[in-house]
Amino acid sequence: MGEVKIFDTTLRDGEQSPGVSLIPEEKLAIAKQLARMKVDVIEAGFPISSPGDFEAVQIISENIRDVEVAALARSRKKDIDRAWEALRNGGDPRIHVFIATSPIHMKYKLKLSEEQVIEKAVEAVKYASKYTSNIEFSAEDASRSQPVFLYRLFERVINAGAKVINIPDTVGYAIPEEFGKLIRDIKENVSNIDKVDISVHCHNDLGLAVANSLAAVENGANQIEVAVNGIGERAGNTALEEIIMALYTRKDFYNIGINQDTTQIARLSKLVSNLTGMTIQPNKAIVGANAFAHESGIHQDGVIKERTTYEIMDARTIGLKDNKLVLGKHSGRHAFREFIQKLGYDIDDETFEEIFIEFKKLADKKKNITHVEIEALIDNHYHTFDKVYELDYLSVNTGNKVLPTATIKLKKENNIIEKAACSGDGPVDAIFQAINEIVGIDDIKLISYHINAVTEGKDALGEVIVKTKIEDNTYTGHSAMTDITEASALAYLETINKFLTSEQTRQTTSAQEGI
């Protein structure tokens with residue numbers, strides 16, 4: 001049985017989704033969960049593109065030791081130098097260099113001939129080799145490139161030292177039959193191809209990213225580049241959860257082994273959704289809310305009698321658990337910590353105490369608390385950053401004949417309490433206006449505001465996801481509570497704290513290209 005490596009690019013290509021911007025601490029939280037899942041490679045960013053990306057790659061490479069950490073670089077010496085500077089303290093760092101190879105890119109973007117592109121690619125791989133032997137080379141827009149040119153190019157860069165050859169469908173143009181044939185033809189026509197891993201990186205513009213990646217595996221590819229929830233530029237990338245579960249569920253057909261812990265999928269998906277602010281559509285394969293739901297009476301009856309009549313996967317395989325009652329107001333610290341550990345979370349003592357306090361508050365409002373609600377509380381604290389402001393007091397007055405008004409008190413770092421009372425178009429707007437008055441940030445715009453019910457019932461936990469734009473940078477805030485007005489205030493305040501504590505520049509530079 002063969003094996004396929006999983007190369008995750010959520011933190012690089014995934015972050016290029018419109019409106020997504022992650023601070024380094026959030027990227028590290030995602031990287032840690034990817035490591036728990038045992039992906040083979042984590043592409044942590046594009047170091048030369050911004051100070052924030054550089055910092056994120058540096059932090060991740062220093063903290064994640066059991067997984068290869070990669071950084072992207074154009075075929076330019078300054079890009080490669082910057083990538084290595086960020087990676088140098090990692091365990092087994094990978095430099096991922098790329099250059100465009102399609103006629104349209106070479107003519108209009110690069111203004112280079114085929115031979116000039118080959119020379120630049122070879123020079124880049126040789127230059128990267130002075131830092132590490134772990135080098136991946138990508139031919140950007142390979143699916144629209146001339147195959148014979150790709151054969152020549154790949155043979156040369158392999159001789160120069162590349163250990164992985166990546167074949168991207170950069171604009172999502174390919175269909176499975178032709179993409180599979182491209183991989184097969186490359187294997188048959190590049191004389192030294194057996195010296196390297198063959199990787200594919202498919203975009204989803206025609207909804208075929210997963211299908212194209214699987215076609216590539218059938219024809220000899222042994223690395224697939226993916227993103228959690230399929231996020232990425234335009235229509236996104238190959239979805240990590242779909243590829244892994246397709247190979248796992250249909251191992252009888254593909255005869256491929258995977259090393260990933262599938263039970264981490266649900267938590268990873270939720271974490272990425274919370275931090276990016278990109279909600280998961282209910283009918284999304286594998287991780288959507290409806291993925292294991294059955295409305296039809298015939299289907300329900302069949303599943304009750306025998307699950308496999310209508311379910312090809314067990315929900316527990318991806319880490320979903322029955323929504324059973326687990327804890328209540330009489331549960332103590334020991335039981336609560338033990339339960340969190342059983343869920344797979346590794347939390348320091350200070351964070352544990354904060355979560356335990358929130359749990360006790362929730363237990364006073366609800367008789368029974370499910371593991372889903374406990375995980376939502378953990379998500380409130382699981383990714384940490386410095387808090388310039390903390391909510392101390394909130395009061396909202398609203399009604400159909402009353403001008404909505406919110407009174408807010410915030411504690412600052414030095415414990416000075418600042419207060420403001422503002423009106424708005426509704427209670428949430430009034431809360432946001434009051435916070436704005438205290439923090440004094442003029443250039444702040446609300447991009448999106450979402451409320452989701454974590455559980456059912458009148459005492460359900462409400463999850464609020466807020467996205468703001470502050471000085472051209474986008475920030476996402478998340479909070480889950482039974483009181484959605486308080487959750488709204490906390491989520492909004494989180495975006496402001498991220499802005500105030502963020503030291504990196506998030507503006508996209510001309511270096512932000514993709515493969």
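Including glycine, each Cβ sits where the backbone N, Cα and C put it.
According to Swiss-Prot, the feature Mn(2+) binding site maps to D13, H201, H203, N237, an assignment based on sequence analysis. Annotation comment: Swiss-Prot describes 4-264 as domain 'Pyruvate carboxyltransferase', evidence class sequence analysis. Annotation comment: Swiss-Prot describes 390-515 as region 'Regulatory domain', evidence class sequence analysis.
Sequence-distant contacts (6 or more apart, same chain, Cβ under 8 Å) of N237 (Mn(2+) binding site) comprise T9, D13, G14, H201, C202, H203, N204, A209, E225, V226, A227, G230, I231. In the three-state DSSP scheme, D13 (Mn(2+) binding site) falls into the coil class. Neighbour counts were taken at the CB atom with a 10 A radius for the binding-site residues H201, H203; the maximum falls on H201.
Across the region 'Regulatory domain' (390-515), DSSP helix (H, G, I), strand (E, B) and coil residues number 31 helix, 56 strand, 39 coil. In the structure as shown, the Cβ atom of D13 (Mn(2+) binding site) sits within 10 Å of 26 other Cβ atoms. On the 0 to 100 pLDDT scale, the region 'Regulatory domain' (390-515) averages 87 in this prediction.
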